[in-house]
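TrEMBL has this to say about the protein:
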| type | residues | note |
| --- | --- | --- |
| TRANSMEM | A:15-37 | transmembrane segment |
| DOMAIN | A:26-438 | domain 'Cation/H+ exchanger transmembrane' |
| TRANSMEM | A:49-66 | transmembrane segment |
| TRANSMEM | A:78-95 | transmembrane segment |
| TRANSMEM | A:107-130 | transmembrane segment |
| TRANSMEM | A:169-192 | transmembrane segment |
| TRANSMEM | A:213-234 | transmembrane segment |
| TRANSMEM | A:254-279 | transmembrane segment |
| TRANSMEM | A:299-317 | transmembrane segment |
| TRANSMEM | A:337-360 | transmembrane segment |
| TRANSMEM | A:381-401 | transmembrane segment |
| TRANSMEM | A:413-433 | transmembrane segment |
């Protein structure tokens, strides 16, 4: 018997090693099956992982004769401390910053205002409908929590189908909303948990709003500082001179440190690590050697990929925790009623903000160019992309309705099982339909959108008058006039452009990054 | 407050987040300081990490007013399940296989026979000397365990100073012995722990030997199978076609799976993961895309680096766990006596096998070429390189003398503190002296050894007659005669050569790897 075999003996058995082995082996299986199904029309990685998870859970249940519920229980700590940070950091690190910031206002509308609208509708709907099925026992705070739990979307399924190069605007909106939505719903959920239950009034709502604003700004600031500090350290010390391993380690550790520091100061680690990722890919990754740059990009992607697959697997296995099912004493009809109510409310709550906010966004961008507006088909895809519920919902539900994964209250147990069912249903059924739906809505538009989004963007026109001194005066005046009218019509682009100038002049020389060619701007 | 903030509240406080933040922050500090001290003559990464660990431990102690002993306690599970596997796997992955296998017999002499000799001497010496200082209370099994605990070396310090290209033979011996030694001492320790205390006789010794042999062969086989399976999967499915992330994830997960499976079957995970690493770098890493190859190499090196730094940091912090010190009720004089006895026994035990076994190895290799023999200066360096004790010693000591890190027995507490002191002393003091000693022993030999080791190796002469058909018959006959005499004189080289032929003909076409140029063989 070997070393960690002994370590296990202290705990009385091999349980942990068995558990790790099973999980790692099943993860490998998911990888290989995911690879084989890559070109499949209906299945994707998430649904595969959930199905394999369910199968694994069944096998474990059968082997342990129904005693293994403890092993299969969802562990929020594991989720929030180890699995979520790499996913969010990688989102920030790989995001196409230009598109993200060009569509910043629309993304924020969807990701912040959208969550508020959606959770209000879900809360109100649940409050009104749940008692009609004979399901009672939830407090006002529980209903508020339900609203936030079912407002956190999981856009992974859709993102696997969309292509960043084919539909850049759509991809950027779905991707950006997904990240901001995660952060908003966790922040909102925490604000709801902190609410004084006796005082639910207008002031409380205002406090939730102010709390969220404070969290947003401080968390972002911490992430930015962490990213800049890493970039500055790497640039000044030029750590790659002695060892590439050290610079890779420093980037990974600083990214994780930003998350844990945010948690330490009771900020939103998700937002912090997301902005840290953006800053690191913008500055720090230019201060390392070529091989470190390739490596960090792959490390973060791989960690995120493993964490994501692990979560879906875990959700699948967790669904087989039979104790929860025993506790929830509702009839089959009531249960189905509740499940369908929640799914209906999710669709309604999402429709209630996607279509109005898209129209609003189109109205704001109306003057600039018609082609960058969000078409109705795209609105449907955005609506659909956010119907899936994922691991964040499960983690929040466990947080609200259990104590360390255990609950003895039937109403709470019902809410946990409802969350699991909703996550399974939306991921599997809606996930199955995503590929066909999108190919139905965008049958032959694969290359058209590229020609809309990119070359039409007025960045070049704006930046040239300020940078190129060699050109003729006439051209310059013409361009200056254009850019003036642009400034009036498209404030976001203009702010973005001034940021680029500021970035080139002050930030990049200090924190690193390639000096842009004037013509490439 | 954010998500994992809540997760922590379940446990009642922020303790885990605080702990992770502190560790990650201090790790970053170690990285940066290690970089700044890169060219320093006296300090190296390990000693820096231990010193920073001690400082951190002191600060934590002061801040928590002496209450934090629980936080600072060494956790064997963390060590054996999470920190050791990446280090050993990376050792296998980065090892220069040609040199490792050319010096295989010498490495095995040092790493296996050496540990047996060294632990016998330390056991006998401790048994004889400890009671003379008035220190009693240890069982026969404890003494046997002490022998294995203090036979596990930590060659990191020396390897940081030696250079693989300058002194390939020396580097390969020190490196190879370090890995084999770790495995042997853990295997031997486990065999000792399984001993029936009432029957310590010749049969028991034989059983320990047979047990170890069984573990060696099965663990190696498992590692080889895991490595070949990964290579075969990557080659057949060509996973990088769809996603480089998936192939990287598969390599990392399969490597870890081999370790946990070994632990599951009560084998030696260290050996398994080491051979899995060798096989993966030999076959699997040729079946992935170029960027994945760069990435995996760096990922494994980075993980190993972080784990190593973490361990040294941890050992430093652990030294400040005051409860252990309070329990050990010996006088200052007795304590110093025990510490110096152990350090003395370590040096003796090591000298007792390095010099005789080197002489033996030189005798065996005598006929071939004088220049690949181990000079006396090199013997001194090999002896010195293995004087440092590290994290494995600490982990084994905690395993033997505590129960989940806690002990109430004064004799056991004394052995734990003795181990910590010995590790600190050897790493700090001997570590400090390593750089000066080696530059004293090898003042201007930096480039001579390269010219000895490489071009003199007779591989080329051996392989050509079997592979190149274009050459003239005369040359071939001449070469054949040479290689025949070589076969008689240098069996290891010849075996190695036949292995290369087998590898090229049967293994590489199935499991991947570049087809060697005939001239490059």
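Even glycines carry a Cβ here, placed using N, Cα and C.
Scored on C-beta pairs under 8 angstroms, the neighbour of the transmembrane segment (A:299-317) with the top count among A:15-37, A:49-66, A:107-130, A:337-360, A:381-401 is A:49-66. If one looks beyond the transmembrane segment (A:49-66) by at least 6 residues along the same chain, the residues whose Cβ comes under 8 Å of a Cβ in the stretch are 22, 26, 29-30, 33-34, 72, 309, 312-322, 424, 427-428. The transmembrane segment (A:337-360) makes contact with the transmembrane segment (A:413-433), as judged by at least three Cβ pairs under 8 Å among residues 6 or more apart in sequence. Among the stretches A:107-130, A:254-279, A:381-401, A:413-433, the one making the largest number of Cβ pairs under 8 Å with the transmembrane segment (A:78-95) is A:254-279. If you look at the transmembrane segment (A:213-234) against the transmembrane segment (A:107-130), you find fewer than three C-beta pairs under 8 angstroms, all six or more positions apart, and that falls short of contact.
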